[in-house]
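Worksheet: one structure, shown below.
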Amino acid sequence: MRIELRSWSSIAFLFTLFIAYVVSESNFKPDIKLTKEGEIAKEYNYFDDSSNILVLRKDKLAISFDDGVSWKNVKETENERVIRYQFDPFNNNRAFAFTIDKFQYVTNDKGETWSKFEIYDPKNEKEHLTLNSIPHILFNAKNPDLAIFVVYHCPEDKKISNQCVNYHFLTTDGFKSNPKSLQTDASICTFAKSTKSYDVGKDETIYCSRNKLNSFGHIVESYIVASDDFFKTESKINHALAKSGSIIDIRVLQNFAIVVVQNDKFNTKSKVSLLVSKDGKNFNEADLKVDISYGIMTFLESSSSSIFLAVMDYSNSFRKFSLSTVYSSDSSGLSFSKVLDKVQGGSIQKVETIDGVWLANIADEIKDNKGKSKTLLDMLMGGGIDKNIKSRISYNDGEDWNLLKINNDGSCTTESECSLHLLNPTEKSGDGKFVTGPTPGILLSVGNKGSKLEKDINRMNTWISRDGGISWDFALDEPCLFSFGDQGNIIVAIPYYGKNKMNSSNMYFSLDQGKSWENVALEIPIFPLTLTTTVDGTSQRFILSGLIDSTPKDKADYSFAETLYAIDFSKAFGGKKCDSKKDFEDIYTRLDPSNDKPICIYGHKEKFRRRKQNSQCFVNELFEDVKVYDDPCECTVIDFECASGFSRSKEKECKPDKKKLANICRDKKSKKISLPDKALASGNKCKNPKEAAKEFVKTKEFKCSDYLDEDDKDKNKGNKHDIVSTFNEFDSELQQYTYVEQGETYSGENIILRTKANVAYASNNGGVEFVKIPVSDEIVTYYPGLVPGQVILITDSEKFYFSIDGGNTFQKKTAPAKPNVIGARIISFDKKDTEKFIWYSSENCDNPFSRDCSLVAYITEDGGENFQKLKEDVRSCDFVADVFEDVSDEIKNMIYCTVEDKSSRKLMLLSSTDYFKQSKKVFDNVVGYAITGNFLVAATIDDAEQSLKAKVTVDGQIFADADFPPDFHVDSQQAYTVLDSASKAIFIHVTTNNENGHEFGSILKSNSNGTSYSLTLDKVNRNRIGYVDYDRIEGIEGVIVSNIVANDHSKDRKKLKTQITHNDGGEWSYITPPVIDSKGKKYKCNGKSLSKCSLNLHGFTERADYRDTFSSASAIGLMMAVGNVGEYLEDFDKCSTFISRDGGITWKEIKKGVYMWEYGDRGTILVLVNAEKTTDKLMYSLDEGDTWHDYKFAEEPIDVLDLATVPSDTSRKFLIFGKSDRKMVSYSIDFTNIHKRQCQLDLDNPNDDDFEYWSPTHPSTPDNCLFGREAKYLRRAIGHDDCFIGSAPLIEGFKVTRNCSCTRKDYECDYNFFRDSDDTCKLVKGLSPSNRKKEMCKKENAFEYFEPTGYRKIPLSTCVGGKNFDTWKVHPCPGKQKEFNKHHGKELNSGSLLAVIGIPIAVFLLATWFVYERGIRRNGGFKRFGQIRLDLDDDDFHPIENNEVDKAINKIVKGGIVIVAASIAGFKTLRKVDRMLFDKVTSSLFRRRPGHRNYVHVPEMDEEEELFGNFRDNYEEELEEGTNNINEDFNDEPNDYEYEEETNDEVDSRLFNIDDQSDEELQSATPEDN
């Protein structure tokens, strides 16, 4: 019994001890040491496998050797300004501290001691290099003594320029000595052995990119170089893509060497391509089938068998919060497939320590938004568009994605679409990276359960997973910052904030892998910043930093200090270490939720040993990483990937790839090829691969003729397989669409589209994909703004949607009233400020024709947040200050409005500079106004004459009369259309016949200030609403195409003929037709004049979309049109499609029939599509229209509505809209990959690149002079059809080689003159020439003016010298007689008289005496010369010639003989002429008496000699005669310019808002309009 009692006593004693132990553990509190700091640290980072921590605080470096308990400054850097530090990822003992001074620092003993090294200027090795950017170091994974110090250096005065370079400095002794400049002009360098797994080349192997620049700073060539001896020798790795583009990055990722190439080296936003190598020698292009820019591509954590990268949509203003698409490659790194799209921002994370497990947040459409307003968090989490964020997990490397399961919660199951959604599953590791944690499958995250991630962080909790993220348990109520220690056996968490969103006063910890949690109060509450521990997560110590208010009594002050807690858990469990046999369990990763069996990835499954959850001990293996044990799996089909020639389909099957097969056939030059469809993935560890291959790999045979065209060798057609067609379908018919110009806040080829169902769609990739803009309101219209990226969606209520990034994001706004319902425009935009615009609503307009109906204008300056009333009873308003060249502060806010006077019903023009607090009446009766270039033209009504008068201003304040020719009386019921002012002169079409169906008029052209107009072309066709057949050819100065009405006096249907001018309206001619048609047959024009057989083109008035023009400003000289060869323009069904390469001088028929056309890549890609018949094919040309090829873009024929591309015509994507089975569809046609290189531009060596110079000319001038100069434009050279132009700065190559002498082509008819049929300028009958005194004398420093000659210089012309047809008789300006006389030498004093008269007489007398002495007297005197017969040869006269002077003198003598003889003969002849004729000639030449000529005929250059003989010598006299005779009136000459004025129709005020025939309605034109 005593023994038993003793036994029971022992048991009781042990039980008591156990209870005490448990109680003590439950009451365990970690040791916490508090430190206060006055300055906030930039970051805290551990040395790996160490308790040493570095911190940078106010540019001073400090270190702790005891997990943050105590700190001291690094003494070696105490006197330095440290700007950054960096750890060596391959050497745990080494770190670097960078300063802005001459010394840099390195430690090789985890911060115990630091040594310094210096960086010297490579250009002057005696001087230290000044660091004006933060440097970094490239490390070698195999040899720690090798490293490269890299700094981006700019000259002091040029911080950002092409003179900035990357300097590379090499160390071979681990910085024991100063690094030496790496002798290579490299942009980017890296060690081949930058990762432990890339075992290619030597330790010394370095890859670099090198750019060859020209004097303009442009990259001419980019290539890769490799060296094994630090560039004593090197090898060049050539790749065509790299050579023509720009290498912007070289990196080694796992066992892949990757080169990132910017395809368009002149455009930083252009697409990039990847070149990948696994052997370091052969780089091949990866088939990443997506447009990506380097700034939006992120390389994710990858494996040795696959590259993972995320492509972020940076097109909107929220940038890093945008949505991403994730791609992964096969084991070669060359074939990519989409893994996941619509990833929220960068919210995708690989789970650490476990292969193939990824966590991601996906953005789903909100279907029940109901027009709710969005918060900023909505915008950020949804990438700028309302989205529901849902979390997914993949445990087979992205093959499948599943919802996150919550354990033991029957109310929330994945079957009911309820799951866990995570905000952020990462912690900050000891080295500063954000990772899921180096634990064996233990994860922690903030999130919430439900159908989506909440957008209020207060509704989120903290959750824990112990199976690598597949299933989760609730952990803590608050959202917390967290960190893991002792391989996940210690978890520390602190709430982001405390109660009432104040600072956190407590922290939590768990010692049983999150099963239970304890609470510890903090001595000082903080706003937590950092919670971290050692890099490998094996320590039992943590540091926690946070902000405290350093001035708590001052509530308005935002001064903060930092508090640092050092937390120690080493005394928990009494410091007990776990028993390796009792306290551990084996855990497999990636368990299949359906059967709890491990899932194999890369041919293996992993397991690791983990402490049991309830064991009360620590692993206590400090700095020992979690060990993972591999078990190989049997090979299955998932261990194989698609082989060469095959691509993975959406169904995850290996399908033949036409493009790849074509390339293989082309390379092998075989008729048939046999290929396996699959291959074992490189690096796969599965068992029995050969046996498995027999089961899973199939060999397939292909006929190359099925993949290669018969004309496959034709280089001009490219590879059709490189063209990509993408289909989209819409819910209703197309109503309007617009390309939105790229801006600073976004990039991309953005399109806004609206259907007839009032649903709006947006695309930011050129129409490859369209997304429905997620708004609940009907969009009745939209307006693109004048600032790139600005778009406003209009609803039928006060609500509107505002975007400044091209429609990527929209903000919901409220207007002061509904948009107007009377058909007026709804928005007027400011030219520069995106936040400023005018909104038009209507009041009392139930009956739009009621006198009470009023249009009210409101203005906003903050993007629609606030509005103020601008003016009532307006018709239209515009911000006009930025229209004018000189904008003073006085008019910077100037607005013009047309306002209706309710009493008189007249329309007034008002101006204001203070938003109509005060206003000025400019005109009291106007029809409207138009803005063109730097001019504002107002159409006023003269009540007395019942006529329209044009007024012009160039400063918004002073208006001048626009003087039309006097015979142009524009009735108040007629109209005129302002066409453009692109050539420094205003072109206006004045309607002269307004009869329905027979409308036409005259085009008038102004002088340079828009005030004086003359007729340039008559009988020009217009349509009912005022649009005119007038097309200014973009890209070439002065070329205009117009259609005239040939039967202007007939009531029959109009007969149109096309005319073209090449000198800005100075001369017009019919278009010379091609000789043969597209089938090689000759046109029947032989023997016919150009007026009877010419090329006639359908013009502006007949276009379904007014944005479709003959030409493109970026495709210099190219024109396409639909028309016919004949006397008149025929109907469309009798027309063909034509092309010109020389600005409309010569033409070629492309195809019979009517086709729509578009230009791409500045004319290197031309596309046609049938406009009349259903079709599934398009035609394209890659050689400026020389050859054409078919491409099938659709599965079945469609009715094409429109063919479009970006307005600049620089894209390589096109968009076809059409109808198919009553559905509206679109096809994006992408030619991006058809050119394999970018055209090389080398302005220093223009003969060695892909461009050539081309000069526009006038068809009748042979000397390449146009507008008084010979201009040369760069175009892609003929035959260089295998490259694209992109954003090459061709404008920098533009040059004017010379200014030409003035000729007739540089002049046009002056005011009151008209061009007659004989091409001369004649005075309008009954009129007198204009007085130019006022115009010319008001110019600064002017002192003279000229009488008009009937001609004036074309404003564009820069000719010098030559024939000045516009200047003859000169007069002094009032008060400028003295300056005038001085300039013309009429102000003579005694000195000037001597210079002008005396000196020439003296010289003449001296010369005469010398000639007499040496040439006449000693050769026999005058007697000898009297014997000379004029009909004898020179041999009869033999003068004395002893030297060269004698010879010269005797030549003068002989010349004198001829002159005297000619004079005598001429006098004798004149004596025989009738005296009256003689008097007439002399008076005409010398007395300037009025005669009988009222015009001057100046023939063409090739006619001049034949018609007028010595006209060139006497053209001044001809002009003089004309000048003095133009006042003569001849009643017997018929007046061919009498017009009937029609007054039946009311003026359409819209005509006065036409600016280059493209106002807001043109920007959003509908293919079916008109």
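Using the three backbone atoms N, Cα and C, a Cβ is placed for every residue, glycine included.
Among the features that Swiss-Prot reports, compositional bias 'Acidic residues' is placed at 1529-1546 (among others).
Swiss-Prot lists 1556-1570 (among others) with the feature compositional bias 'Acidic residues'.
Residues or ranges marked as N-linked glycosylation site by Swiss-Prot on the basis of sequence analysis: Asn503 (among others). All protein chains considered, the CB of Asn503 (N-linked glycosylation site) has 19 other CB atoms within 10 Å.
In this structure, Asn1009 (N-linked glycosylation site) belongs to neither helix nor strand by DSSP; it is coil. Sequence annotations record features per position, and here Swiss-Prot assigns N-linked glycosylation site to Asn1009 (among others).
The N-linked glycosylation site feature in Swiss-Prot is assigned to Asn1299 (among others). Around the Cβ of Asn1299 (N-linked glycosylation site), the number of neighbouring Cβ atoms within 10 Å comes to 17.
Summarising the annotation, Swiss-Prot assigns region 'Disordered' to 1517-1570.
Feature annotation from Swiss-Prot assigns repeat 'BNR 2' to 105-116. Same-chain residues lying 6+ beyond the ends of the repeat 'BNR 2' (105-116) with a Cβ under 8 Å from its Cβ atoms: 47, 50, 52, 54, 63, 65, 74, 76-77, 80, 91-99, 174-176.
Annotation comment: Swiss-Prot describes 1-24 as signal peptide, evidence class sequence analysis.
Per Swiss-Prot, topological domain 'Lumenal' is recorded for 25-1390.
If you look up Swiss-Prot, you'll see 1412-1570 marked as topological domain 'Cytoplasmic'.
The two recorded residues, Asn1009 (N-linked glycosylation site) and Asn1299 (N-linked glycosylation site), show a Cα separation of 23 Å. Between the CA atoms of Asn1299 (N-linked glycosylation site) and Asn503 (N-linked glycosylation site) there is a gap of 75 Å. Residue counts of the repeat 'BNR 2' (105-116) by helix, strand and coil are 0 helix, 5 strand, 7 coil (DSSP-based). DSSP gives Asn1299 (N-linked glycosylation site) a strand state.
In the predicted structure, the topological domain 'Cytoplasmic' (1412-1570) carries a mean pLDDT of 40. Taken residue by residue with DSSP, Asn503 (N-linked glycosylation site) is part of neither helix nor strand, so it is coil. In the structure as shown, the Cβ atom of Asn1009 (N-linked glycosylation site) sits within 10 Å of 15 other Cβ atoms.
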